[in-house]
Number of protein chains: 2
Amino acid sequence: MRADDDSLYREQLPNVCNLVTDGGRKLCRPTTVTNKFPILSWLPRYRTEYLAQDFIAGFTVGLTTIPQAIAYGVVAGLEPQYGLYSAFMGCFTYIIFGSCKDVTIATTAIMALMVHQYAIISPDYAVLACFLAGCIILVLGLLNMGVLVRFISIPVITGFTMSAATTIGSAQINNLMGLSSPSNDLLPAWKNFFTHLTSIRRWDAILGVLTLVFLLLMKHVKDIKWGNKTFWKYLALARNALAVIIGTYLAYALSRDGNQPFRVTGNITAGVPPFRPPPFSTTIDGTYVSFGEMISTLGPSLGSIPMIAILEIVAISKAFSKGKIVDASQEMVALGMCNIMGSFVLSMPVTGSFTRTAVNNASGVRTPLGGAVTGCLVLMALAFLTQTFYYIPKATLAAIIIAAMISLVELHKITDMWKSKRRDLLPFLVTILTCLFWSLEYGILCGIVANLVYILYSSARPQLNITVEKINGHEFGLVEVKQKLDYACAEYVKEKVVRFINQQNGETHLIVLKGEEINSIDYTVAMNIITLKEDLEVLHCDLVCWNWNMGSAGVVCRLKPEMRSIFKFNYAIEELVAAHFDGSPNTSSTVTIASDN
Amino acid sequence: MRADDDSLYREQLPNVCNLVTDGGRKLCRPTTVTNKFPILSWLPRYRTEYLAQDFIAGFTVGLTTIPQAIAYGVVAGLEPQYGLYSAFMGCFTYIIFGSCKDVTIATTAIMALMVHQYAIISPDYAVLACFLAGCIILVLGLLNMGVLVRFISIPVITGFTMSAATTIGSAQINNLMGLSSPSNDLLPAWKNFFTHLTSIRRWDAILGVLTLVFLLLMKHVKDIKWGNKTFWKYLALARNALAVIIGTYLAYALSRDGNQPFRVTGNITAGVPPFRPPPFSTTIDGTYVSFGEMISTLGPSLGSIPMIAILEIVAISKAFSKGKIVDASQEMVALGMCNIMGSFVLSMPVTGSFTRTAVNNASGVRTPLGGAVTGCLVLMALAFLTQTFYYIPKATLAAIIIAAMISLVELHKITDMWKSKRRDLLPFLVTILTCLFWSLEYGILCGIVANLVYILYSSARPQLNITVEKINGHEFGLVEVKQKLDYACAEYVKEKVVRFINQQNGETHLIVLKGEEINSIDYTVAMNIITLKEDLEVLHCDLVCWNWNMGSAGVVCRLKPEMRSIFKFNYAIEELVAAHFDGSPNTSSTVTIASDN
């Protein structure tokens, strides 16, 4: 009882000195170093038999990465080689810092879409965005801010992904049909499509639609039960590479005197990008643009690109680490380093890619070392294959993007929400509508805020039971609160009690406020308990706080020591009521105060 | 059990049809009309003996209002008569719509400060702000949005009030010393004071400081126990009026050939303002300014002025309606109407004034009718006394403002917070620092957000007890959750359980998740329960959800009907564990799934 009683008069706070020394000790412990460099824990235990598996998986991922990278370079509004520039440095860096063996780092369709508006001004914006996003993610990771991602609920993530996929896919409908598309936005893309129906290029359209159908069918080839199952699985995984090879061959074979039947990717600058710091200033149309001006152009993207990048990698690493705890902050450190290093080789912002991570997992990767193979494959493609890339038809790339986006539009999740909790459709709808028709950056923010409203609303409306009880002929109101009280509900509680007393027509002269389960209250709630007591006195009613949690009672008592007298601990309710109404010396003081008024 | 079981398969939603018809019926009920026009309920019961009391109170408030109104006109950067224009229409309108007898509506120091930046461009901005703020407050009131005020905690209100008072008081230090002040901001005001120390006008400074000392002393005159207590009380109430009368007399008596020893208020435009619609466009220096341009100049003030106005009136009406429930939304309707009507007579934004409401209450007002007397007194002053106002020394007005502001800086609240809950000092400090050194509008927003973090943090960290239990030699982990689960804590719960199992080194093969007190979960939590089960299967551990709240269990079961088998209701824990480990037919299916992996 001593210690408990003590907490009425002194707030129990964590010892700051201990916190600091603990933190310091934790920071210098060897495991902390290993945690920040996961390679130190898995490389010493590497076994030679892993090599073959890592090689196969890395090679398969590489084959998937190359066509996707070129396509996403196009989505970003950059020359195709920028997609490839973004696809190798992340793989190498993640080997050192990454903690999840399956995750593959490269640019994704959503990242590409988010830099598009700046990248079309100058590629330097995309590279600078990569560097800055990397720095922000790294700092957030080191500050252990990974938990913030938890405030983005599945309905909001679903809404965001669906609308991003719809936007990206819609923009490619023009490329699929051989039209040139002026914008990456949803409505302008469809408007352009419908106003230029007569300009559709026949051969492009045929190739595009056939490729799309091919890709959508090939996805299900893995379910074939006939023959060698592994063969079908790998065939399904290689579908993008196959589509590109067939399309490129057709474009090459059908070309006459430099004229192709299809619109093709065209010249890709050959060679590995130079290793140099990201551009902190640039020149656009002969005008010098300073770092400050570049920052102000990037604007809100500097918040949204890191947020989405973190969201993607954390979601992916959690999905693929069944039964293991994912250190979200370490994943952020790894992702930050990948972006920072990437920006030295002209990369645009990168994050974990769901498709390629799934391919990596399905190919049986054993350690993050598989990424090295993928990275080398991309580098070799840049060095030796760019001439071949000239002939990749744009319609083929568009089909690859659209097929990937279709799989992101998970309509079944809408019916899931409808079946399980309809209320959750609201943040989903807010997110998807604002993302589609306003902007992805602000849309996801609107969704998050709309969803926070639920949390805030429930904190303002605590569960409160008020009942009229009668013991030995004495009537009193019993108020039961079953949760911690925040300032947002302070007035609600007070109002409920006063309203209850007003409804009793002056027949109830005692309110017992039971508080065993009120784990914590704040200053505002304490102030309201004090004014509640004063308000009740005007109504000729006493307030007794019964069996409160000591910590919460202390907040009130320390604020106004006179309130100590209304807190009663360790009484049975019968004793309490009897003592109050029959005027045992212990409680008579409160009665006197009340009858004074 | 039937109805309960049903809720596993169908979400229990409120009947929308009933909601609509109920709402319609409520809207057409006679009490709703009376609620919106409280005068209809108190005027028929008005008794003649109230008249004298209402008259005396209204007259006293009028005497306090007139000097304050002139002073606040100066704070707003307007000509002094604008303060008086703001001081009568609110009184008349509140009689019809107001529900709290003590509240007095007029402009306040904080309102004046908030319009200052626009009012110095043109008074039309202040009048338009009054009209628009009125419309916004009215709409929010009709939509019953009064509850939103609850999200502004006492620490944030305290921080805001203190910094506003400090800013207003600091700006008047220049007027007190006879200096002309270029800005109403904190730092520029003090900088101006210290760089112009040599320009201090001796007589202004003497009058100012003496008046200030006089006012601060007179405030305590009411505590004198000697002689007629009522006399001292009214003397204390009349201190502002006395200061003005003495100062004005001195300025008049000491003036020689139109030269006064003091800087005086100067010409005040005589007469009652015309009744005409607020200005929806204006002309500044000969340039036409459209409605749209005026709106964009007012900018964020259109959010913050209504918010602060609502905050002030709701706080005041609650403080003075002991034991009665204040209808915050009706107060907002009244305040909105006061502002709208006020804008027709060139008023700046108005709200409830704490000082004058306290005077009203102390003077024993019986009904809102007292406001009519106050309003008439202000109108008469405008009509007949403006010539006298010419001689009011600026230093006297500055002293009145500073004295009022000093009483708003309640330093004892800081020690209160320190004693009762130190955590609450953080939102307080955020508010006061951002308000002082950035802007009042954004400062209060920062404070609100800083405080919301506490609510959000606690929703992300639910109380969770995980213990190892042993029944009949069977070991299992018992997870107890005592509150509703939001999406923000979904991953936290999952992570805690998986971490627990990892720590048990494969010795625990059953997790019992007790959920009697989980009142509600959402889609994200349901998804995480499902993936938790899958994660646990990988770790050779089963999950049983024991005695869950039916509504919450339903969210999971409707999402994935197979999950029905892990929910066990109406079992004792011993039965449950025995059935699970000894393989009674009821639970064997779960065991099989687990051993498959």
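Cβ from N, Cα, C; glycine included.
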Which range is transmembrane segment per TrEMBL? Of B:55-75, B:328-348, it is B:55-75
DSSP puts the residues of the domain 'STAS' (B:478-568) at 49 helix, 16 strand, 26 coil
Near the transmembrane segment (B:87-113) in space but 6 or more residues beyond its ends, with Cβ under 8 Å, are 36-39, 61, 65-66, 68-69, 72-73, 75-76, 161, 164-165, 167-168, 184, 305, 308-309, 312-313, 316-317, 320-321, 326-327, 330-331, 333-335, 337-339, 341-342, 344-345, 347-354, 356-357, 359-361, 365-372, 374-376, 378-379, 382, 401, 404-405, 440
Counting only pairs 6 or more apart in sequence, are there at least 3 Cβ pairs under 8 Å between the transmembrane segment (B:426-457) and the transmembrane segment (B:370-390)? no
Counting only residues at least 6 beyond its ends, the same-chain positions whose CB falls under 8 A of a CB in the transmembrane segment (B:125-152) are 76, 78, 82, 86, 115, 118-119, 278-280, 282, 294-295, 297-298, 301-302, 305-306, 309-311, 314, 327-343, 346-350, 444, 448, 451-452
- prompt: Do we see three or more Cβ pairs under 8 Å linking the transmembrane segment (B:397-414) and the transmembrane segment (B:301-320), pairs being at least 6 apart in sequence?
  reply: no
*asked:* Counting a contact as 3 or more Cβ pairs under 8 Å, with residues at least 6 apart in sequence, do the transmembrane segment (B:230-252) and the transmembrane segment (B:301-320) touch?
replied: no
Over the domain 'STAS' (B:478-568) the mean pLDDT stands at 88
The answer for the transmembrane segment (B:301-320), taking Cβ pairs under 8 Å and residues 6+ beyond its ends, is 99-100, 102-103, 105, 108, 110-111, 114-115, 118, 129, 132-133, 136-137, 140, 146, 149, 152, 157, 160, 295, 326, 328, 331-332, 335, 339, 349-354, 357-358, 361, 440-441, 444-445
